[in-house]
2 protein chains.
Amino acid sequence: METSTTSNPNVPNYPRIMIGLSRGQEEPDASLVAAEARELGYDFIILPIAFPNYRRFLFEQLVDSVDIKETKFMEEWRKGQPFCREDLVVKNAGQVSNWINLDSLDYNIRINSEVILRQQLTWIGHIGITAALIPFPSDSFMNYARCINSIFGTVSYINMWIKIPLVLEDETLGSKETVTWERWNKFRTLCENHVRLSIVLEVTQNLPEDNILDRWFAEPIKAIFLPTTIFLSNAKGFPVLSKRHQAFVRKLIKYKPHFVIECAADGPNHASGGLSAYQEYVHHLHRTMPELTPVEQFALGYHDFLQSPLQPLMDNLESSTYEVFEKDSTKYALYEKAIHHALLDHTTGSEEMILEAAEKAQKRVRVYAIEKNPSAFVTLQNKKAEIWGDKVTIVFSDMRSWKAPEKADILVSELLGSFGDNELSPECLDGAQKFLKADGISIPASYTAFISPISSSKLHNEVAAYKDLAHFETPYVVMFQSACELAKPCQIWSFEHPNRNIAVDEDGNPINNYHNTRYSKMTFNIRESGILHGIAGYFESILYKDIMLSIHPDTHSIDMLSWFPIFFPLKIPIYLPSNTVLDINFWRLTNSHKVWYEWCVDPSLPLGYETVSFSPSAIHNSLGRSSWIGL
Amino acid sequence: METSTTSNPNVPNYPRIMIGLSRGQEEPDASLVAAEARELGYDFIILPIAFPNYRRFLFEQLVDSVDIKETKFMEEWRKGQPFCREDLVVKNAGQVSNWINLDSLDYNIRINSEVILRQQLTWIGHIGITAALIPFPSDSFMNYARCINSIFGTVSYINMWIKIPLVLEDETLGSKETVTWERWNKFRTLCENHVRLSIVLEVTQNLPEDNILDRWFAEPIKAIFLPTTIFLSNAKGFPVLSKRHQAFVRKLIKYKPHFVIECAADGPNHASGGLSAYQEYVHHLHRTMPELTPVEQFALGYHDFLQSPLQPLMDNLESSTYEVFEKDSTKYALYEKAIHHALLDHTTGSEEMILEAAEKAQKRVRVYAIEKNPSAFVTLQNKKAEIWGDKVTIVFSDMRSWKAPEKADILVSELLGSFGDNELSPECLDGAQKFLKADGISIPASYTAFISPISSSKLHNEVAAYKDLAHFETPYVVMFQSACELAKPCQIWSFEHPNRNIAVDEDGNPINNYHNTRYSKMTFNIRESGILHGIAGYFESILYKDIMLSIHPDTHSIDMLSWFPIFFPLKIPIYLPSNTVLDINFWRLTNSHKVWYEWCVDPSLPLGYETVSFSPSAIHNSLGRSSWIGL
């Protein structure tokens, strides 16, 4: 499903949800069930592919039989005899028989299960339904995984949705709360991380802790099963969900899955409302979702969409890019506030909000607006002619090479990227600070980059789809949705302006750029196991004194739209067991014509008194071979 | 170095060894050292690139200096001022200065170390020497690895040999015996497993246990450093090595490294023989190597050379292949012995050794020789005309479709592959057993496949060089040399003949091939950490009663040449910490026109009472998409 604007005025921006009905494996009559479901307000039904009686084939075996005819029949069936019409429940969608046993110790049951699985999935593929529901893997599932993997190779276009309960209730070993994710993770890895293998998540009566629940948001969830048994009864006997279940379902709605009410064949479990009450309740949760914030609304079309970061020094931005930025009233308000305070403390400044700030501060200032983009310079000329007049001197120049007619008290710039320094703000401001007075102020005064380890099979697949090394060594600007932070962000480095501690030539220009290189190693404690797919990056900036601008998740400036986070991928995803100690090494490097990042990760596991290091990743983007920002 | 026949008649088949001399970092005069080394019988010398005095640059730093001239000099030096002539020791080979410190906490030392490293390695690249010796990484080496990795990207063709001691004597933490391999392993992984990064192994006074030593044989060792301090003195004061050191050096000789005697600047440590005694002693070890066995001689040209397994059913073998087989007197002797015993127990049999065996057993037999290869059939016709006469009936047919004129007492075949069943012996013998009497004998009576987890970065690189998926999903026949078994082989499955427990049609042919599918999961305990690159395969076969033919390393039939082991690669190498429990899953699968293998590995680590599973590999070769044997 793609994002679409909804026609329901009560649910602005949330896509319509589809709620289906499942009545287990024992349905007697598909058309009756379908008619009933339609009447009860459900959008679709889920049915088994074959009637339970088909199970008889599981126990058939070839013997060197006295009855050659019997033997031949079985062999023909194994070779691909069609279903008998009367064995098929579903003519248009379906659930693989849950009694097949691909990892049986009995060789014949294994062989027959594979025949049946292939037969049912081939049927699903044939009738043009793109997804089949396949059972949750039991304790042993190597052969099951092998069969599913091989079916991807033969049945074109088929999607398989594997049904996974949040909590495994009858497990005797291990943590019940984490075992289902571990099993899913192993299963999909065995299946080569196939993009057509997705999840149907079955919500259980018991919900795991939030950080275990969060892990699922990094996974390809296509549908949510809500068994009627997990619903409570309200005072009037109608089905309702607990507060935690409500919150989880509301969070899931943002990921646009299908919902399925799963009901035993003998009907609903609640006194009032009948079967339709369940779908009505889920629709109610959907209708009463909180309104989207401006950032959420803005982000709707961008979720998990990889964009290359800007190259503001090498390229000139297009006007549409400026237009997006100019929608961001939060950013401008923060800048205005910072300038206002700086003017109160000091004298003089450089653009539109500077004038407003100056007026508020009732100071007389001379403003120079320096612009290197010839097209944007036209806009400045219009502004000057129509609004600013003599209050602003506009200058067409790169700030690094401009010869200022006088030294400034305040230098205002907005050259920040999603990682703070990744659009070369440090280099630009080093070049510009020569026309700042000795006690002059830079707005921003500093900025700090943050990183955190992140899991997102979706983003990994997006990058992998390019099938080359370069895309795995490129950072992307991306609004995370199907992603899960494996640990909280840590700061890795900062830049402060003006930076008087650098060597400059006779003209006041830095004689090299070594002082803007950085190296940092951060250590993260990974609480729950997960797959590491890359590194998320954020920044905080102090504009002036206590006025901060931030895209760090914990301190994000309210309603600010201008920056999405940045994502540094890893070539090879790494499984991190719970309690992994993860070192992330990050470099900011430079030569005479470019700046680039290199990164690598180095996990280890405490084992008694020792620390067992597993293999680290390779160092990514050596010498900026795949991605760099031009000076 | 390539294998070459040596001219020294005392050392048949071992290549000549080269022994060099290293006098540390303090050499005063390169040409004097070189002349002396030549006189002492050494083949080459190793010298530092720069004189120790060059170290002064390490502490230089840029300041916003009053002395612009001074600042500029430093900046020019960093930008790539050439060496001063007097700073260079080496004009033709060399060792990077061991005082550089790329992971210093001091920012300037780090920057300057990188400049110096790059300068020295660029010089080595320039003068056309292909290898530079680089220092052993200290505790922190992330930035060192990053610099080395980046130099591979800029200095073409340079090879870097990293010097690694077997045991780290002054380490305070962790196991001294394993830390150097762990460090090497992390370093090369960070450097993207670059093929131009190799090892110079420094033999230490203390030697680790054999299984820790063995791990080095899977690594790219280019040279062996033997410090004079590890030599003992014999009764006459001459330097000699301990028994264990001797054995290790002799084992190393098979890998054809260069040897280097490493000597302090103040000369040798032994009373007699001077500096030349060391090289004479190593040459002595070389001269007194045990003679190569026939298998070792035969294998010399094949070490670590990947060959595709035969397709004997689909293709017809060339006569040169038969010629190799016919050199193998061991195999024919075992077959003859098996037939002899079978004849004594039974009556009748099918080829040359059968006749001989029959004569020995003094039985009258009728022999049918069935051959499907038209070219080989010519050879049989010649044999019949010249030797056999009426004793043998030769038949041009595929054994699976031949209509035998009478049922046989003994069915002799040799269709074994390196993995036992991988040349489709099971399928052929199922087809042929219809012309065997009810109590008839098959020679071989059974065969069993064995697997073990194996580490070999060399074989991994060979497969990776094809840059495609298919080669990672193909088994290879290969004589292992640069490889290390991470655990002892385990048997995974067997085939027995004749197999009366299968369903056959009216003509006695099997109606399907399901009974020849296999699935097995074997568990291995990995004692020492290592990188898993793939799975080694072997077989044992019982020809008749107690007559066994084997390529299993522990039971290998003496001097038998016909089979090398088989190697199943893994797409992504997996680091296994010590004490890993490794499950290997293996399938033999079939459809109507081919047989193939699928495999995957699934490691886990015992952590207290729990077992932490890390990510398994994907299942390789799904549906035989990359490799298969045609029926």
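Any Cβ shown, glycine's included, is placed from N, Cα and C.
Remember, TrEMBL labels are computer predictions, not curated facts.
As given in TrEMBL:
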ACT_SITE  B:GLU414  active site, proton donor/acceptor
ACT_SITE  B:GLU423  active site, proton donor/acceptor
BINDING   B:TYR322, B:LYS331, B:TYR332, B:GLU371, B:ASP398, B:MET399  S-adenosyl-L-methionine binding site
DOMAIN    B:41-287  domain 'PRMT5 TIM barrel'
DOMAIN    B:296-443  domain 'PRMT5 arginine-N-methyltransferase'
DOMAIN    B:446-629  domain 'PRMT5 oligomerisation'
SITE      B:PHE325  site 'Critical for specifying symmetric addition of methyl groups'
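Looking at B:GLU414 (active site, proton donor/acceptor) and B:GLU423 (active site, proton donor/acceptor), their Cα atoms lie 10 Å from each other. The number of other CB atoms found within 10 A of the CB of B:LYS331 (S-adenosyl-L-methionine binding site), across every protein chain shown, is 22. In this structure, B:PHE325 is the one among the recorded positions B:PHE325, B:TYR332 with the smallest number of other Cβ atoms inside 10 Å of its Cβ. In this entry, B:TYR322, B:LYS331, B:TYR332, B:GLU371, B:ASP398, B:MET399 make up the residues listed for S-adenosyl-L-methionine, with the farthest two CA atoms of the set 23 Å from each other. Long-range Cβ neighbours of B:MET399 (S-adenosyl-L-methionine binding site) (same chain, at least 6 residues apart, Cβ-Cβ under 8 Å): B:ILE370, B:LYS372, B:SER413, B:CYS428, B:GLY431, B:ALA432. Distance between Cα atoms for B:TYR332 (S-adenosyl-L-methionine binding site) and B:GLU423 (active site, proton donor/acceptor): 19 Å, as a whole number. Among the recorded positions B:LYS331, B:GLU371, B:ASP398, B:GLU423, the ones whose Cα sits within 10 Å of the Cα of B:PHE325 (site 'Critical for specifying symmetric addition of methyl groups') are B:LYS331. Ranking the recorded positions B:ASP398, B:GLU414 by other CB atoms within 10 A of the CB puts B:ASP398 at the bottom. The local packing around B:TYR322 (S-adenosyl-L-methionine binding site), expressed as other Cβ atoms within 10 Å of its Cβ over all shown chains, amounts to 14. Applying DSSP to the domain 'PRMT5 arginine-N-methyltransferase' (B:296-443) sorts its residues as follows: 74 helix, 27 strand, 47 coil. Counting only same-chain residues six or more apart in sequence, the Cβ atoms lying under 8 angstroms from the Cβ of B:GLU371 (S-adenosyl-L-methionine binding site) belong to B:PHE377, B:LEU380, B:ILE394, B:VAL395, B:PHE396, B:SER397. For the pair B:ASP398 (S-adenosyl-L-methionine binding site) and B:GLU423 (active site, proton donor/acceptor), the C-alpha distance works out to 15 angstrom. Here the C-alpha separation of B:TYR322 (S-adenosyl-L-methionine binding site) and B:GLU423 (active site, proton donor/acceptor) works out to 15 Å. For B:GLU423 (active site, proton donor/acceptor), the Cβ neighbour count at a 10 Å cut-off comes to 21, with all displayed protein chains included.
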